[in-house]
Amino acid sequence: MANHMQLGFQDASSPIMEELTQFHDHALMVAIAICSLVLYLLTLMLTEKLSSNTVDAQAIELVWTILPAMVLITLALPSLRILYMMDEISEPDLTLKAIGHQWYWTYEYTDFKDLTFDSYMIPTTDLPLGHFRLLEVDHRVIVPTHSTVRVIVTADDVLHSWAVPSLGVKTDAIPGRLNQTSFLASRPGVYYGQCSEICGANHSFMPIVVESAPLAYFENWSSLMSS
């Protein structure tokens with residue numbers, strides 16, 4: 001999870017988030033190159049005397065027309081690739097339904113008959129020692145590691161947003177509509193998120209906790225929850 005001195009992204013824990021981090025670094029390097037070139041040209045214009053050949057040169061006009069187009073293509077192609085990867089959901093191993101309420105989440109494991117529960121934030125007065133304040137919940141979402149999880153997101157009252165930064169997931173929860181996304185946790189761990197839509201007075205008090213665990217642990221947990 002993030003800390004108060006962190007300037008970059010959280011550590012990627014899914015292939016999609018790794019791709020997003022790489023694209024961010026790629027776009028940042030392009031922006032640095034553009035800023036360096038513009039700074040160099042501004043410095044050159046302020047320190048050198050411009051001649052009439054420089055001002056009227058058609059070659060310069062051609063360059064500053066083609067160069068931005070090349071920059072846009074350099075950014076657009078990998079961006080479109082990631083968008084298609086994020087929208088592609090094929091044969092998920094597990095389907096999870098997340099329903100946003102004011103101000104808690106309800107989860108339904110649609111592959112199981114009676115596996116559904118509400119997830120509330122644990123109040124600070126009841127928080128166990130070592131857990132994170134305003135981020136820990138009474139019932140975590142348990143998913144198996146290295147398994148494709150499809151998440152169907154909706155809301156019961158107002159707009160919400162189901163977001164877990166480490167997994168590269170952020171999907172709006174809209175009343176009367178089903179949105180879907182997917183993720184694959186590449187390693188065991190606990191991943192924290194929050195509702196990313198301003199959904200009312202307690203908007204900041206409906207956290208999301210996803211725990212990725214080995215398949216055997218998930219099977220034992222699902223059996224206990226279903227019984």
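In case you wondered, yes, glycine gets a Cβ from its N, Cα and C as well.
Whatever TrEMBL says is automated annotation, not expert-curated.
Residues or ranges marked as domain 'Cytochrome oxidase subunit II transmembrane region profile' by TrEMBL: 1-90. Marked as domain 'Cytochrome oxidase subunit II copper A binding' by TrEMBL: 91-224. Annotation source TrEMBL lists transmembrane segment at 27-47, 59-77.
Averaged across the domain 'Cytochrome oxidase subunit II copper A binding' (91-224), the predicted model reaches a pLDDT of 92. Shown for the domain 'Cytochrome oxidase subunit II transmembrane region profile' (1-90): DSSP residue counts in helix, strand and coil, namely 67 helix, 0 strand, 23 coil. For the domain 'Cytochrome oxidase subunit II copper A binding' (91-224), the number of residues in each DSSP class (helix H, G, I; strand E, B; coil) is 19 helix, 62 strand, 53 coil.
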